[in-house]
Amino acid sequence: MKIDLTALVTESRNKASENIDVLSTVEMLTVINQEDQKVALAVEAILPQIADVVDAIAVAFQSGGRLIYTGAGTSGRLGILDASECPPTYGSNPDLVVGLIAGGHKAILKAVENAEDNRELGASDLQDLGLNEKDVLVGIAASGRTPYVLGAMEYAKSVGATVATLSCNPNSPMTELADINMTPVVGPEVVTGSSRMKAGTAQKLVLNMLTTGAMIRTGKVFGNLMVDVEATNAKLVQRQKNIVIEATGCSEVEASEALSQCDNHCKTAILMVLSGLDAQSAKAKLAQHNGFIRNALSDQ
């Protein structure tokens, strides 16, 4: 079956880079850099739609639902990257944000032939994951037409999940299936069709916003501090101490003592120092207020 890609913005030729192969290295990189500067503006143009998805994800998290990313190639890898960073950054369950890629784990490192063209695989991967009406699915594809993602979106709609798209081509087949469309139109790529470049950068910026925004909305950030960070290495042990110090103004000794008394739960240590509660009482108070430090502090 012949596929017509000529109408896709991401497949168009970029006039600014038509002679990039004869430029000096600095000139070549200047063209790339100038094109990259358009990406943040394209994302800015869709902030209201991104906000709608963030709010939907926050509701899902608070209702026992999950955020599921699905994509092929670069798009799938970006979803997996974003999902994998949530547990160490926010202390979230690894099952809370999940990234799926056409072709499975082996496709993370190496392309799997024809996997992205398998519409049924997109659906069955979600079925295996037990997708349900509490979940939010974000279908990621620069083209907006990847069969694997379309199959996943159709299945998600059939079970009542909230469905959003992240693509870089307006009026794509994916937009017809979604409840919320996020379409940062970044224009033609420097290398024609290489959507890992501007489109991929736009996708990464949006994914950062989705999980960061949802985690803030569910109490995992106090001020601008990642108060649910887990101390899984030496750097993060020190970061926990620094966060407690920044949040409370206490000494390093006081921060260390508080953390040691609450099994290194950063959020609990902060509440202990600020409220004078012991570890057990601070944990209970946080649980009472769904992990929101500000709400726990106001209930004194």
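Just so you know, the numbers here start at 1 and follow the chain as drawn.
From the backbone N, Cα and C atoms, a Cβ is placed for every residue, glycine too.
Look at Swiss-Prot and you will find 57-220 tagged as domain 'SIS'. Per Swiss-Prot, active site, proton donor is recorded for Glu85. Sequence annotations record features per position, and here Swiss-Prot assigns active site to Glu116 based on sequence analysis.
When the Cα atoms are compared, the residue listed as 'active site' and the residue listed as 'active site, proton donor' turn out to be 24 Å apart. Sorting the active-site residues Glu85, Glu116 by the number of other Cβ atoms within 10 Å puts Glu116 first. Glu85 (active site, proton donor) falls within a helical segment according to DSSP. For the recorded site, the residue listed as 'active site', the DSSP three-state label reads helix.
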